[in-house]
């Protein structure tokens, strides 16, 4: 009896996986993006419950982004749809990116459930198929292209190069950005090689093996250091990942750290594509101290990658060809130069009085101040009246009061 129940449970799980796989392979009907609504041709800022873009379009109204609708014209390739890559893909999908190209050779496992995005019923499906099915339901306006293979093999590398150079929103045009969300050195170097050869801008990301730190890095071939110039991560040497899995050893992973890294990666992507804020060339994250170091790295003139050295030479020529801009220092205009009467504006309260009336202000880093200070509690001043003892009794005092 117990064996038959176990067999039936296994059969149910197999059928659920097959059903999920069939659903992910279904071709959307005309006018239907595969989700629960029809495709929206134009983004709108109208504030109604049925508009999924109203909160995003508010960025334009508030002056953060000048043209948010432009996000639908971009195509982004994500290599690695794991703990960081899947969340990155979800965020970009919710933001309304034009097209996503997903690359991963792995399958969804129950061991992935400690991370974000994937669900237990998707176990056994390829990560790219499971991701496409979920993402299409979230936002049917986004175009998806998925590739279930390992980009590091010789036969797949050329196809990978072709898709990032011709798989843009308009076929034959390159993608606008490549995002590396892989977890091994070989795949990072493969992406680095392809992007250096094509002159393709990309962003690299990673989480440490102890799961409490991570980083993102913007790499513009020729302008900034490539992954071969200065690898930002120390990867364990002479370790075969497959043998580690066989021996029951694996790296730690926290959904919190991966979510933070995916968040700062997508934030950097949006700033880069939509041209707002400051784009970070390198941003680290240390969860133990809540520390976010930033820096930028110049390319190495002796880089081992010849295409990197070639891109550096082309970038130098490009900079040299730019017209030199003369910096004209404007003279500050003096307002009310004549002050015949020597009038000065003086505060009614001195700095010392203001300091004494305010509470203690903590030592804060540069650029941070308190919103307000709590005034010190003023002790009520009570005037003490001293009465001398006359030595008279209460009856004598009462008699004096009656005679008054």
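Placed from the backbone N, Cα and C atoms, the Cβ positions cover glycine too.
Among the ranges 308-320, 321-333, 334-346, the stretch that Swiss-Prot annotates as motif 'UFM1-interacting sequence (UIS)' is 334-346. Matching 373-388, 389-404 against Swiss-Prot, the residues noted as motif 'UFC1-binding sequence (UFC)' span 389-404.
The average pLDDT for the region 'Linker' (347-377) in the predicted structure is 55. In the structure as shown, the Cβ atom of residue 45 (phosphoserine) sits within 10 Å of 16 other Cβ atoms. In this structure, the C-alpha atom of residue 45 (phosphoserine) lies 42 angstrom from that of residue 184 (ATP binding site). Over all protein chains present, the Cβ of residue 393 (phosphoserine) has 9 other Cβ atoms lying within 10 Å. On a Cα basis, residue 127 (ATP binding site) lies 101 Å away from residue 393 (phosphoserine). Counting other Cβ atoms within 10 Å of each Cβ, the lowest count among the binding-site residues 150, 184 belongs to 184.
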